[in-house]
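**Student:** According to TrEMBL, the transmembrane segment annotation covers 7-28, 40-61, 82-115, 121-143. The domain 'DUF1468' annotation in TrEMBL covers 8-144.
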Amino acid sequence: MRRANIVSGVVLALLGLFALVFIIPKGIGEGPDGMMSPRLVPHMMMVVVVALSAFLAFSNLRAKPSPEDAEPTITRGEMLALVRIGAVFLISIALYLLLAPLASGIFLVAASLLLLGERRPLVIIGMTAGLLIAVWLLFYKLLGTGIL
């Protein structure tokens, strides 16, 4: 667990720094003169994320190793699951760009349920249809806006 905390802390700190340097300045404008910058809150949150991530990594670096630390941090099965879920998202994005948002949503929900071990067809169909109908009702009917 110690090694996993170190890796998690370092990765989160690096992602937070990347967001501070590149993502937030590129994605959020400066704002008009005389007003608080719209970048302020995202910058503050990323500084907190980087600080907590660094604290997680450094506190686990200083901790004494335990016998359970000899086990591998990430198992082969976990890596395989990560690759599978990544493939589901990649295919879903391709379907969104090449076919239609509805096809992408159907594939994303149904394939994720299958990867998580759900095998009952009624549950897969019901959850897929229910989630997509709920999103449609929320955005198109209740809020009166489109997702695209």
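Cβ coordinates are placed from backbone N, Cα and C, and glycine is handled just like the others.
If you look at the structure here, what lies around each of the features I listed?
**Tutor:** When averaged over the domain 'DUF1468' (8-144), pLDDT in the model lands at 91.
Tertiary proximity for the transmembrane segment (40-61) is limited to same-chain residues at least six positions away from its ends with a CB under 8 Å from its CB atoms, namely 2, 5-6, 8-13, 16-17, 19-20, 24, 28.
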**Student:** Do any residues of this chain, six or more beyond the ends of the transmembrane segment (121-143), have a C-beta under 8 angstroms from a C-beta of it, and if so which?
**Tutor:** 102, 105-106, 109-110, 113-114
